[in-house]
Amino acid sequence: MPNTHDTKNNVSPSEYAKFDPSTIHQRLNTSLSRPQLNSDGSIRHFLGVEGLNKAQLQAIIAKALFFEPSTRTRTTFEVAEKRLGANVLNLDIASSSAKKGESLRDTLWNLQAMTADIFVVRHSASGAAHFMATEVTPDIAIINGGDGWHAHPTQGMLDMLTIHREAPRPFEELSVAIIGDVKHSRVARSDISALQTLGVKDIRVIAPRTLLPKGIERFGVQVYEDMNSCVRDCDVIMGLRIQNERIGSPLLASSSEYYKQYGITPERVALAKPDALIMHPGPMNRGVEIASSVADGPQSVILKQVSNGVAIRMAVLALTMEGQRAHQANRG
């Protein structure tokens, strides 16, 4: 999906040229499998769900289900790392030296001096994790903790785990409605890609036109104009947060008008299937994106999404560690 986000403050000019916003998503989605996988198909870096096939996504879910009984705390990579005994460095580049003008490559070289096996990277520039995976030394693996508008693959996979565990029907039989700020949401991109890979054929999206990427129909989703029609007979209703911090100018008339047109209300939930799941990646804007009675209601699995996050992150860390060992064995 096109990305017009200005990322020049986060990478050097030469690096930025490699990630032209007009082509970033198409280019990344067609190339992610190359640095992401070893020759045997094991995961070398976890950069996005787009580069993985159905069996590989199912393997992540299966690994997460193995870890699930021990996950009772809030979703953080730190919890997962401690339970696995992994030597992991968590990086929020936006709050590091990049703010002072240091290039992404220089940041990476400095970080490599710290003895860590895996870097979990969050960056405001689309493609940053992909860039680091191509530049990092062979003994370090990269996990994408969210890059710009491009992808949030661990959130996407914890959403798939939640649907797998809670939905009464298999992926192939589900209708999923995604509501809200798709344009600025890396979660939406990862969810749409994962849902399609796992066999969901009916993916619906609705938002004000200002919050939809241009040409979104090309990505195999149905765009709706009417909220009631969008959620009717759905199995999963997924709200998205309005990304105010990524919106350069006002794109909404008002919060109250947005809620009136696109809010997930009890009346609209009643139009979906009786056992429909209510999801949201958080944080929620109650009374804008979703009614409190829905967020806290019996069909909501929002807190289960949170608790499933630890299992997914443990699964991703474990599979990445296995892939890293395989990569090192092949080199040796």
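Placed from the backbone N, Cα and C atoms, the Cβ positions cover glycine too.
Within 10 Å of the C-beta atom of R122 (carbamoyl phosphate binding site) sit 18 other C-beta atoms, taking all shown protein chains into account. The carbamoyl phosphate binding site feature in Swiss-Prot is assigned to R72, T73, R122, H152, Q155, G282, P283.
The Cβ neighbour count for R241 (L-aspartate binding site), using a 10 Å radius and every protein chain shown, is 19. The L-aspartate binding site annotation in Swiss-Prot covers K100, R186, R241 and is backed by sequence analysis.
According to Swiss-Prot, the feature region 'Disordered' maps to 1-20.
Taking the Cβ of H152 (carbamoyl phosphate binding site) as reference, residues of its chain lying under 8 Å away and at least six apart in sequence are, in sequence order, N144, G145, G146, R186, V187, R189, S190, P281. Between the CA atoms of R122 (carbamoyl phosphate binding site) and R241 (L-aspartate binding site) there is a gap of 18 Å. In this structure, H152 (carbamoyl phosphate binding site) belongs to neither helix nor strand by DSSP; it is coil.
Long-range C-beta contacts of Q155 (carbamoyl phosphate binding site), restricted to its own chain and to partners at least six residues apart, with a cutoff below 8 Å, comprise G146, R186, V187, S190, D191, P281, G309. Here the binding-site residues are G282, P283, and the one whose Cβ sees the fewest other Cβ atoms within 10 Å is P283. For R241 (L-aspartate binding site) paired with G282 (carbamoyl phosphate binding site), the C-alpha to C-alpha distance reads 7 Å.
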